[in-house]
Amino acid sequence: MKNQITTMKIQTLSGYIHEYQKSIINPEQFWSRIADEFYWKKPWSKTLKWNFDEPKIEWFVDGKLNITENILDRHLYTMKDKPAIIWEPNDPKEDNRVLTYKDLYEQVCQFSNAMKAQGVEKGDRVIIYMPMVPEAAIAMLACARIGAVHSVVFAGFSSSSLADRIDDCKAKMVLTSDGNFRGTKKIPVKDVVDEALEKTSSVEKVIVYKRTEQEVKWNDNVDLWWHDAIDGQSKECEAEEMDAEDLLFILYTSGSTGKPKGVVHTCGGYMVWTAFTFQNVFQYMQGDTYWCTADVGWITGHSYIVYGPLLSGATSLMFEGVPTWPDAGRFWEIVDKYQVNQFYTAPTAIRALQAHGLEPVKKHNLDSLKVIGTVGEPINEEAWNWYHTHIGKTNCPIVDTWWQTETGGIMISPLAGITPNKPSYATLPLPGIQPVIVDNDGNELKGNGVEGNLCIKFPWPGMLRTTYGDHDRCKQTYFSSFKGLYFTGDGVKRDHDGYYRILGRVDDVINVSGHRMGTAEVENAINEHPRVVESAVVGYPHDIKGQGIYAYVIADLSTRTEENLTNEIRDMVANIIGPIAKPDKIQIVPGLPKTRSGKIMRRILRKIAEGNTDNFGDTSTLLDPGVVEKIIKNRK
Ligand code: PRX
């Protein structure tokens, strides 16, 4: 077995340009060379088969592998004592934990055996609803080891959201904890799982990791403690042979219509893509300590806490807590404590910390930092400059990385220290990525100095393959808006230097603190309230969150005050989706601006929410123009 991952690492700007050209001229040759750096149980017979019409995308056809052999076994001999995961607990007074590659190997194997003993087999779906503890990563890797398909659900989602996901993928097992620490709070995670199980029928076993020691309800037929499950299990477990196109995981994400969909990633392509992008974007060097502040419940945690770094033999820091507890210097304290070299976070966290002023930053040195990164939403210039000046001390390149749950890994981003930065620009596409900009009629806008819809015209190894259980939805959502292209849902500008700046979503998806929310999803939750007649939800600019949620609601106020009703609506949304979906503003309105055919004119509602009430453009199709005046008068 090859011992060390050295996926092709670009080191200069001319090297980037050269490799990019090669990746476009002969993609199959380019990717087969990189894939060849990994350990395969059986080589692939064809590098790529694809069409974007069905769509059907296959990378490394007939290749057999197990991704965990590339994370664990291959690093066992060369770096067994190197820290793989460093874990910083919520409470700085609690002991931290360091898991070496050998520890990780043993603990993953042991938990793999524990799951097998409970009847989990290749192809079964396992839901992971856990706090940010190393066991969450162990759980993901153990699933991958035995060929089970993991689906991590962010532990802030409600029991209904969890139940929907369990049901959609017919999960056989749920992995969870008794509770979850977040700052001063203890969140009863196991209770949420219990509630979800009442609404679903596929789950046979729940394995519970003891974290907070809070009391939990217990059902002996279903529940099993993590420590009991691993007791006596061997620390060796043979890795299941997986086809390159077998499912690795499902991750649910919101779209503009309907319920969240299960984005499917497969074993071979995702492995190659996450390792390649991690090493090139962050320019990770052996010996560095890398920290991504995301939660493993999101794609960023999957690709850039767990898979990308660990495939690269990196030391990945995992933080359980929040940026503002015990104080707003917590991130910077951790950077100094572990001498973090690469730091990767979201613009919303930067803006929130910026609002606390410079005192919490000044107490810390931060001189270990070499690269700082952002992800999840457009970063405004002010936040970019603050990050650059006060955290990067003007000498750390910023990698503003644009990508999506569906893309599996970073797509457009500077390579740290190689691609010249420009504030608020994600800059240039990574090798293998062929972005095109099209107008609303699908005409390609060629050349520089253009703005339009961002599409990708050629497959890359880490792209989604389908949406779980509903391939047609995948086709409709991503491959039908513009023929022959993958449509991202984002608007983009390509400037005169050919640099890309992401402008935000052009569909009915809002991005709240870097979290994707479907407006229809929030509306459906609001409409569950018995006094609500109809609602319309839009995003509006928010200083910290990037976008806030503004809900216009038609409701019967005969039995409640407006304040009581809006509070009830907020609670309702938190119960149905989770606290992150709570509207920031709720306005009770007498009607909604609709066209004669009954379609809500969201464009107008967006403008009102933004406070831009002068120019609504063409309103001649409005059924009742008077309603707009009434809404403006009582704007929140
Ligand atoms: O609108 C883009 C925004 O986040 C969306 C993807 O969200 P999600 O699937 O939850 O993944 C987030 C983490 C990868 C995109 O469609 N987005 C992501 N990164 C950036 C961004 N917008 C601007 N700049 C970015 N760097």
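Here the Cβ of each residue, glycine as well, is placed from N, Cα and C on the backbone.
Per TrEMBL, the features are as follows:
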| type | residues | note |
| --- | --- | --- |
| DOMAIN | 18-70 | domain 'Acetyl-coenzyme A synthetase N-terminal' |
| DOMAIN | 74-459 | domain 'AMP-dependent synthetase/ligase' |
| BINDING | THR300, SER513 | CoA binding site |
| BINDING | GLY376, GLU377, PRO378, ASP400, THR401, TRP402, TRP403, GLN404, THR405, ASP490, ARG505, ARG516 | ATP binding site |
| DOMAIN | 521-599 | domain 'AMP-binding enzyme C-terminal' |
| BINDING | HIS529, VAL532 | Mg(2+) binding site |
| MOD_RES | LYS599 | N6-acetyllysine |
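Everything TrEMBL records as a feature, shown here on the structure.
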residue : record              : DSSP (3 states)
THR300  : CoA binding site    : helix
GLY376  : ATP binding site    : coil
THR401  : ATP binding site    : strand
ARG505  : ATP binding site    : strand
SER513  : CoA binding site    : coil
HIS529  : Mg(2+) binding site : coil
LYS599  : N6-acetyllysine     : coil
Entries of TRP403, ARG505, VAL532 (binding-site residues) sitting next to ligand 1, with Cβ under 6 Å as the cut-off:
TRP403, ARG505
C-alpha of ARG505 (ATP binding site) to C-alpha of SER513 (CoA binding site): distance in Å?
14
Using the residues the record lists for ATP (GLY376, GLU377, PRO378, ASP400, THR401, TRP402, TRP403, GLN404, THR405, ASP490, ARG505, ARG516), what whole-number Å value is the largest Cα to Cα distance?
18
About how far apart, in whole Å, are the alpha carbons (Cα) of TRP403 (ATP binding site) and VAL532 (Mg(2+) binding site)?
36
Restricting the comparison to the binding-site residues GLY376, THR401, THR405, HIS529, which residue's C-alpha is spatially nearest the C-alpha of SER513 (CoA binding site)?
GLY376
Have a look at the recorded positions THR300, HIS529, VAL532, LYS599 and say which one has the shortest Cα distance to THR405 (ATP binding site).
THR300
In the domain 'Acetyl-coenzyme A synthetase N-terminal' (18-70), how many residues does DSSP call helix, how many strand, and how many coil?
21 helix, 15 strand, 17 coil
How many Å lie between the Cα of THR401 (ATP binding site) and the Cα of THR300 (CoA binding site)?
11
Return the member of THR300, PRO378, LYS599 nearest to HIS529 (Mg(2+) binding site) in space, with distance defined Cα to Cα and candidates limited to these recorded positions.
LYS599
Rounded to a whole number, how many Å is the Cα of PRO378 (ATP binding site) away from the Cα of THR300 (CoA binding site)?
15
What is the nearest of the recorded positions GLY376, VAL532, LYS599 to THR300 (CoA binding site), using the Cα of each?
GLY376
